[in-house]
Amino acid sequence: MRRIKCTIAYDGTNFAGYQIQQQKRTVQGELERALSIIHKGQFVRVYASGRTDATVHAYGQVIHFDTPLTIPDERWPKALNALLPDDVIVKEASEVPSSFHARFSVKKKEYRYRVWIGEKNVFLRHYVYHHPYDVSVPAMNEALRYLIGTHDFTSFCSAKTEVDDKVRTIYEAEVVQEGEELIFRLVGNGFLYNMVRIIVGTVLEVGRGERCAEEIKTILEQKNRSVAGKTAPGHGLYLWHVSYDN
């Protein structure tokens with residue numbers, strides 16, 4: 001058996017999320033359907049670097065699957081894209097050692113979150129969070145700096161989070177303004193359920209002047225979801241890049 005690693009992108013608008021769900025359209029479901037056709041009806045399980053929720057997008061999700069087929073690496077994207085719907089694309093594929101795992105071998109993940117602060121744009125409604133308020137980018141970057149490092153992120157994850165260990169390391173956290181768009185960028189060794197969206201929702205409150213940047217430190221210390229801000233909507237979030245050891 002060969003293990004194939006693929007980098008994929010998808011528009012999450014019309015998906016119930018990445019992970020397979022009964023009676024619902026999912027990214028994993030579309031990938032496994034396409035692979036089943038290529039394997040002449042044989043089921044092939046797909047493993048991903050992590051799950052994304054309904055309406056969340058991916059620019060650089062990573063998956064792997066095992067196959068007995070001898071299709072060359074460079075032909076896998078073309079073969080799969082011919083069978084996948086228009087809102088999922090395989091960008092590249094390569095054979096990897098059997099020790100590689102799309103989820104368990106991850107070293108870093110980068111998420112980006114897009115916020116539109118200008119007038120409502122009907123063509124961007126599925127891809128940015130419309131937030132038409134004056135915000136201070138320097139204040140938000142000051143707030144984000146408190147998140148860099150290793151912390152218990154209990155305050156910044158959903159109460160539905162199933163994992164016990166809520167300690168994560170954030171390596172980079174920043175927001176930049178490009179015209180009428182704010183782009184949040186967070187790089188870490190892993191992220192809890194809704195963590196990026198809660199961080200964005202809270203930091204936007206700092207940007208609006210409703211909180212001071214130093215409150216982020218207090219929120220972390222309290223380890224209480226109710227003291228952080230609202231969860232920003234899913235459609236502004238992108239899984240941008242997943243890093244592994246070479």
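Keep in mind that glycine also has a Cβ here, set from the backbone N, Cα and C atoms.
The active site, nucleophile annotation in Swiss-Prot covers Asp53. Every protein chain considered, the tally of other Cβ atoms within 10 Å of the Cβ of Asp53 (active site, nucleophile) stands at 17. According to DSSP, Asp53 (active site, nucleophile) sits within a strand segment.
Here Tyr111 (substrate binding site) comes close to Arg185, Leu186, Phe191, Val196, Leu237, Tyr238, Leu239, Trp240: these same-chain residues lie at least six apart in sequence, with C-beta atoms under 8 angstroms from its C-beta. According to Swiss-Prot, the feature substrate binding site maps to Tyr111.
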